[in-house]
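Undergrad: The following feature annotations were taken from TrEMBL:
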type: DOMAIN; residues: 198-320; note: domain 'Palmitoyltransferase DHHC'
type: REGION; residues: 1-26; note: region 'Disordered'
type: TRANSMEM; residues: 44-64; note: transmembrane segment
type: TRANSMEM; residues: 76-95; note: transmembrane segment
type: TRANSMEM; residues: 242-260; note: transmembrane segment
type: TRANSMEM; residues: 280-309; note: transmembrane segment
């Protein structure tokens with residue numbers, strides 16, 4: 001009766017464990033599918049929204065400026081073509097940023113569904129299997145049956161005293177041989193780069209090179225990760241950050257030019273606010289939107305110009321003390337990846353050219369292989385030079 005009860009409890013425990021495991025796997029699969037759906041929808045909706053707003057603002061200005069509507073018949077044809085070319089450059093830079101690979105890490109490593117992981121799963125599954133009557137009887141045959149003999153405490157005490165008196169008589173556990181030693185998993189291995197230990201991303205099952213970060217929005221590890229941009233719908237990283245920078249430059253110029261054209265409309269037709277609220281309310285709304293966007297893009301252009309000159313990413317600038325290879329360094333002394341002003345600009349704007357010249361090393365698939373060095377802040381050097389010139393005067 002006791003054996004049947006134990007077997008029933010073991011069976012119930014096994015079924016409960018399996019149900020919990022299946023439930024966790026199903027929840028993980030649902031979360032992965034939901035995240036993938038959100039990423040794919042963001043990659044589509046973000047460009048559609050940005051391009052739609054861009055076209056509306058352009059049409060809002062062109063409708064009130066005759067030389068923009070009919071550039072080839074206008075006396076200001078050169079001016080009109082220059083303004084439309086600027087808008088086209090901003091559009092091309094934006095599409096290149098969206099379509100370009102930001103630097104997704106694709107290092108081939110052992111996945112959880114590999115042979116080693118399947119062996120571990122089978123071993124775990126075997127441990128959770130309920131023990132049946134036949135297995136209990138087979139285990140009982142290997143143990144010496146004392147029969148009906150009653151073992152007294154005195155006998156046990158005497159034997160225990162002998163074992164305690166002679167510790168060398170105690171059985172020793174045999175160490176596992178090399179073939180039977182436990183296999184190390186990828187996350188247990190140590191990978192080094194430029195003297196720094198690389199982190200292991202459990203989501204992507206890969207070791208992250210220096211300056212690589214896992215983006216929870218994209219569900220990918222991105223090389224030289226800068227930030228995840230909701231207006232682009234993807235990350236800004238090593239592969240597309242130069243196009244993102246040129247998009248900011250052209251977008252800033254476009255906003256400034258078309259804001260100027262909107263204000264010129266008021267000047268030519270009279271600055272009467274009550275009249276324009278009735279005749280062209282959308283033009284006033286467009287001016288307000290362009291002023292707000294111009295302020296935002298101005299801040300982004302200044303900030304990313306600083307990042308390019310100092311060879312720092314947005315992630316490193318915001319989370320310096322939380323990054324393993326930067327924790328013990330003072331951010332006031334500059335980035336350990338910075339060498340000189342020309343070097344920083346070369347690896348930012350012309351990374352392939354810098355690799356060909358040997359300024360930086362590259363990986364097998366053509367990405368930059370960053371190396372830690374002495375901290376260097378070229379902006380501090382420039383500021384010191386400027387201050388010294390003023391002191392001499």
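Cβ coordinates are placed from backbone N, Cα and C, and glycine is handled just like the others.
TrEMBL: automatically predicted annotations, no manual curation.
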Undergrad: For the domain 'Palmitoyltransferase DHHC' (198-320), what are the DSSP-based totals of helix, strand and coil residues?
TA: 72 helix, 18 strand, 33 coil
Undergrad: Average pLDDT across the domain 'Palmitoyltransferase DHHC' (198-320)?
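TA: Here the mean pLDDT over the domain 'Palmitoyltransferase DHHC' (198-320) amounts to 90.
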